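Remarks on the structure that follows.
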Amino acid sequence: MYDPNHNASPVNPIPPVVLGLVALIALFEIAFQLGERGLAGGAAAIQWRVQALQTFGFYPSVWDQLVTAGRLPVDGAWRFVTYPLVHASFVHTLFACVLLLALGNFTARVFRPVALVLVLAACLIAGAIAFAVTNDTGAPLYGAYPAAYGLIGMYTWCLWTMADRMGRNPYAAFQLIGVLVGIQLLFVVLEGAWYSFFAEIAGFVTGFVLAAPAAPGGIARLRQKLRGR
């Protein structure tokens, strides 16, 4: 179970993988902003965001080709993990970075860097697959929200296990994701914005499920439970 160190510093270093992802996202957005304002790249720079989306975004056709032909297109493999680098706007980027930094700071107290990298990669891949099987528009998936929701899943697992150990209601740990899903459903009703909803839910579920084996000693605890049964 999750066993927090109460003597640890309240200010925890953010994992390098999260810092690296946020730094790349920020660099992309800075370039887009400079290009859109005519401060870099000339007239062609206005299209930098669109070009980056075409290069790094995840298209459902990538998954369709893998399923039907049993192979990925030449430029398809990296798209499962590069789509979080590109966002729709400055505000879209800002909220994604804030979520990644805040949740990354917490998860660094529990999970080792290698485990965090593997879980985040799994969340991105799961989000891409969920997007591909639920989206028939042909539009690409972009943005770091499936990764952020994966961190929310890991955070929820920590709260859930801690509440269970302390004899409290473990389902209270799902309040944060419940609020976020409620807000998203409101936007869906008002604007029909189903765009990345299922990708984000897939990221959350993957983060929550993989948090148990990814936590320190998690594999050993799972083996003990299986043997006990």
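All positions are counted from 1 along the displayed chain.
Backbone N, Cα and C define each Cβ position, glycine as well.
The domain 'Peptidase S54 rhomboid' annotation in TrEMBL covers 77-212. Mean model confidence of the domain 'Peptidase S54 rhomboid' (77-212) amounts to 88 (pLDDT, 0 to 100 scale).
Look at TrEMBL and you will find 14-32 (among others) tagged as transmembrane segment.
Beyond the ends of the transmembrane segment (80-102), by six or more residues, the same chain brings 14, 18, 21-22, 24-26, 28-29, 33, 49, 52-53, 56-58, 62, 121, 124-125, 128, 140-148, 151-152 to within a C-beta distance below 8 angstroms of the stretch. Marked as transmembrane segment by TrEMBL: 80-102 (among others).
Non-local neighbours of the transmembrane segment (114-133) in the same chain are 15, 17-18, 21, 58, 60, 62-64, 79-81, 83-84, 104, 107-108, 141, 146-147, 149-151, 153-154, 196, 198-203, 205-207, 210-211, 214-215; each lies 6+ residues outside the stretch with a CB under 8 Å from one of its CB atoms. Annotation comment: TrEMBL describes 114-133 (among others) as transmembrane segment.
According to TrEMBL, the feature transmembrane segment maps to 139-160 (among others).
For 172-195 (among others), the entry in TrEMBL reads transmembrane segment.
Sequence-distant contacts of the transmembrane segment (201-220) (same chain, at least 6 residues past either end, Cβ-Cβ under 8 Å): 2, 110-112, 115-116, 118-119, 122-124, 126-127, 129-131, 145-154, 156-158, 177, 181. TrEMBL lists 201-220 (among others) with the feature transmembrane segment.
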How many of the residues that make up the domain 'Peptidase S54 rhomboid' (77-212) does DSSP mark as helix, as strand and as coil?
106 helix, 1 strand, 29 coil
Quick test of the contact rule: Cβ under 8 Å, at least six residues beyond the ends. What residues does that give for the transmembrane segment (14-32)?
40, 48-49, 52, 84-87, 90, 93, 96-97, 100-101, 104-105, 107-108, 113, 116-117, 120, 144, 147, 151
